[in-house]
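According to TrEMBL, the feature active site, nucleophile maps to E104. According to TrEMBL, the feature active site, proton donor maps to E108. Summarising the annotation, TrEMBL assigns domain 'GH16' to 24-218. Among the features that TrEMBL reports, N-linked glycosylation site is placed at N112. Annotation source TrEMBL lists signal peptide at 1-27.
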Amino acid sequence: MASPSTSSLCITALLLVVVSWATSASARNFYQDFDVTWGDGRAQILNNGDLLTLSLDKASGSGFQSKNEYLFGKIDMQLKLVPGNSAGTVTAYYLSSNGSTWDEIDFEFLGNLSGDPYILHTNVFSQGKGNREQQFYLWFDPTADFHTYSILWNPQRIIFSVDGTPIREFKNAESMGVPFPKSQPMRIFSSLWNADDWATRGGLVKTDWTQAPFTASYRNFNADNACVWSSGSSSCASSSSSSSSDGNAWLSEELDSTSQERLKWVQSNYMIYNYCTDAKRFPQGLPPECTMS
């Protein structure tokens, strides 16, 4: 018969095995979730899959994409952007489908001269049509540390958030004849590339290659609340009517009153461009979704 101390050691060891198994089962890493797709060694997965870096030099940028396709999801990624003089560079992080009538949900970070703020550029494409840009400054230095950039995409709306604060909502306006991304599964893509013909002050400021390589870093990807699309079927229940009970409450999530106030705060203080107020660009009238509250 084992002594009490021996029994305690056995139980402790068993608990450690169970905890270790649960941790490894739930932990995600970039090796599991993503493929490096271009850059000839400029994209690197480090720290046992916990960190991914993209680099850009005069010869090439780099990029990666998710192994999975998703049809709706709540997706988080932490990014730390290119520091210093990042003028001319673009770090893109987005969801996109394939084909000539693709859907796409974009975060793009437009670099700038040292000391000048990054511009966060957002856009939504549906059936190959975009032109729905909203641009923002951020209320922090996105190069000093990692920050969480999130996309909530469900059948009713798309919400862009930064560190849990919503910055943009694109509602389903199919009732007004506006296509909404809801039938084409999308992969997650990210790339770091040179766009000095347009990215900074309309292309007036060029990339300073003496500062290369430029590097952006990624960690803590989370798509636990997302519908993986595989072989023509979704990992989520087909009906969202029981969404709150089956763990898919995000499929019908909307902004509560507190989140709506935070959205208004961002748009009042940090939005620098909104296609819905650009009457010169749309002389025939603003797009119909712009009339939605």
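Placed from the backbone N, Cα and C atoms, the Cβ positions cover glycine too.
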Exercise. How big is the Cα-to-Cα gap, in Å, between E104 (active site, nucleophile) and the residue listed as 'N-linked glycosylation site'?
Worked result: 25
Exercise. Once near-sequence residues are set aside, which residues in the chain of E108 (active site, proton donor), 6 or more away, have Cβ atoms under 8 Å from its Cβ?
Worked result: V90, T91, A92, Y93, Y94, L120, H121, T122, N123
For this session: Across the whole of the domain 'GH16' (24-218), what does the mean pLDDT come to? Round it, please.
Result: 95
